[in-house]
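Marked as domain 'G-protein coupled receptors family 1 profile' by TrEMBL: 41-288. Per TrEMBL, the feature transmembrane segment maps to 26-48, 60-85, 91-119, 140-163, 201-225, 237-259, 271-290.
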């Protein structure tokens, strides 16, 4: 139906990842494998970290992180898999709204949670005598709830703002899921104010937590250098460096994708989005948990039972 010069959309069409028919089945099996590893890996972490020997704040945060990773991947990957096997790449208006909300919620909440996890590691390594007093169960639960509430507020505001824009012309979204940058390109109104707003949100949601994480790990590394045992220094530094590498990759991809001033092509932004919605959720269980000796031991015991 038409309303003035604006089209009342009931559905959108996603362009997908690839327009080459000969690659569809290969991509399907690749992403099916990635998604399977992501779900199994993160669910194993959720299952293992409830073991009595792993009832510490760090593993509590990791359990929540695993849940968010599964949520992020599940918001995007199933739709990608369907697009590889079907020529129908349409998504309903409400389906698009729901997908955008879920992607933003899981992403924003994860950033705040990563900052909380960095603070937890800072307290454990730099203030070990006060650690159990400060990072008590109530404080940990409060940090998780605060992260979820903040992520929900960001997601509701951003989703509502995007879908109040008038859409006209083509209904094709040049992306493999409903995301903010390709959606605002469909708007037939001036989006300069929205672009300034999304820049502000990117700084608040991604850049500020990233800075807090970097500061926390800088203090941690400073404490590591004071450790007399070379083996202990290497083990702790190896863990911290792997965390920082993943967080930096996550920050870089998210910032380049969402900043309107970014000159990256749409294909490049698809790759960036692919990294933080599918690849990083698959890597997180390995980087944060499965490299840990305690987790591996409990996992072996659990699998044996």
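Placed from the backbone N, Cα and C atoms, the Cβ positions cover glycine too.
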Contact set, same chain, for the transmembrane segment (201-225): CB under 8 Å, 6 or more residues outside the stretch: 107-108, 111-112, 114-115, 118-119, 121-122, 125-126, 154, 158, 233, 236-237, 240, 243-244, 247-248, 251, 254-255, 258-259
Residue numbers, six or more beyond the limits of the transmembrane segment (91-119), whose CB comes under 8 Å of its CB atoms: 9-14, 58, 61-62, 64-65, 68-69, 71-72, 75-76, 79, 143-144, 146-148, 150-152, 154-156, 158-159, 162-163, 173, 177-180, 183, 205-206, 209-210, 212-213, 216-217, 243, 247, 250, 254, 276-277
Close approaches to the transmembrane segment (140-163) from elsewhere in its chain (Cβ under 8 angstroms; 6 or more beyond its ends): 57, 60-61, 64, 97, 100-102, 104-110, 112-113, 116, 119-120, 180, 183-184, 194, 197-198, 201, 205
Spatial neighbours of the transmembrane segment (237-259) far in sequence, C-beta under 8 Å, 6+ residues away: 107, 114, 118, 121, 179-181, 198-199, 201-202, 206-207, 210, 213-214, 217, 220-221, 224, 269, 272-273, 275-276, 280, 283-284, 287-288, 291
